[in-house]
Amino acid sequence: MPSKYLNFRNSVPWLIFFLEAVFIIPFYFLSPGDGVPRSNISYSAFQDVSHMVIFGLGFFLAFQKRYGFSSTGFNLLIVVLGVQWSVLMEGLLIFFFFPSFFYYSITKAVVSMTAVVISSAAVLGKANPIQLIVMTIVEIAAFRLSSWINTSYLKVEESISMMHVHLFGAYFGLAVSRFFSEPSPNLEKNASTPKSELLSMLGTVFLWVFWPSFNSVLAVKDKNTIIYNTYLALAVSAVTAFALSVMTTKDGKLRMTHIHSATLAGGVTIGYAAHSIQHPWIAMILGLLAGVIAILGSHCLQRCLNPVLRIHDASGVHFTFGLPGVLGALARVILCVI
């Protein structure tokens, strides 16, 4: 313990101070002052998204009794560092092509951090703070670059391009998890307790309530349509989660693991096409399919697919965010064709 403590003390603080210096210096030279154009998104909408990323996802990942503090504390650390880096990345990408113009949006930066938090969930309990910080820097750079390519070359609307945070974060995290050894299934610290499950369910309810704000925060038009469709999809996926959880368990009882993953699947799926859905029954069908995919994924993929791919999904991000994200992307393509 003493050697590990000294190693932690000698590495993490200096890495954080170094990154802060890297973030502050470019702002000093590039930002012209009070005249910097900023996003006109209301503070209440920004607050909803910030609550989701910090409180919702932090408690959502607190289901393992030994890593409750890691899910909430390290989540806050990587969020506050990642938001600064994401803001700087956006400003530098714009400044590179328009040297006299420096623009940034903290709201888009917070939305981008959803991908990193989802990726960190896949390696929860296996990555130390230094590895999480390095992953944050690399992933935000990759995500903002891919989003910039989507908007600049593929002509995808920015509000839609940012909605692939769930898909990007899930599969980036699964790719990173291949480099970590799988913990023993009988290890005590991987277990959960009623208290940790309650905290996780609290985060799920928090995310469920604020998810319509998340899907609509960057939209320029049709905000009400996005909010209504998102709520309907979330409602149907929640009902589907409770029904299928009872059907897929041997004793016919509810499993909170199913509930807190499949309940949010409808919000992930509908994020890609919520603005273009004019009939509520379409949003409800997508919520139903998302709930089915999440429940069946948690029931089958953990035992079948993960051993073949040699990955260990510590928090089930594959069937909570990955597969519903794939469904949403396919729904978006089909709706565009129709």
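Glycine is no exception: its Cβ is also placed from the backbone N, Cα and C atoms.
Positions annotated as domain 'Ammonium transporter AmtB-like' by TrEMBL: 39-336. The transmembrane segment feature in TrEMBL is assigned to 12-29, 41-62, 74-96, 102-125, 132-149, 201-220, 226-247, 281-301.
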Legend entry - Remote residues contacting the transmembrane segment (226-247) - C-beta distance under 8 A, at least 6 residues beyond either end: 208, 211-213, 215-216, 219, 253-255, 258-259, 261-267, 269-271, 274-275, 277, 280, 283-288, 290-292, 294-296
Legend entry - the transmembrane segment (132-149) versus listed stretches 74-96, 102-125, 201-220: most Cβ pairs under 8 Å: 74-96
Inset, instruction - Using Cβ atoms only, state whether the transmembrane segment (41-62) and the transmembrane segment (281-301) have three or more pairs under 8 Å that are 6 or more apart in sequence. - result: no
Legend entry - Intrachain residues whose Cβ lies under 8 Å of the transmembrane segment (281-301), provided they are six or more past its termini: 228-230, 232-241, 244-245, 248, 257-258, 261-263, 265-266, 268-270, 273-274, 316, 318-320, 323-324, 327-328, 331, 335
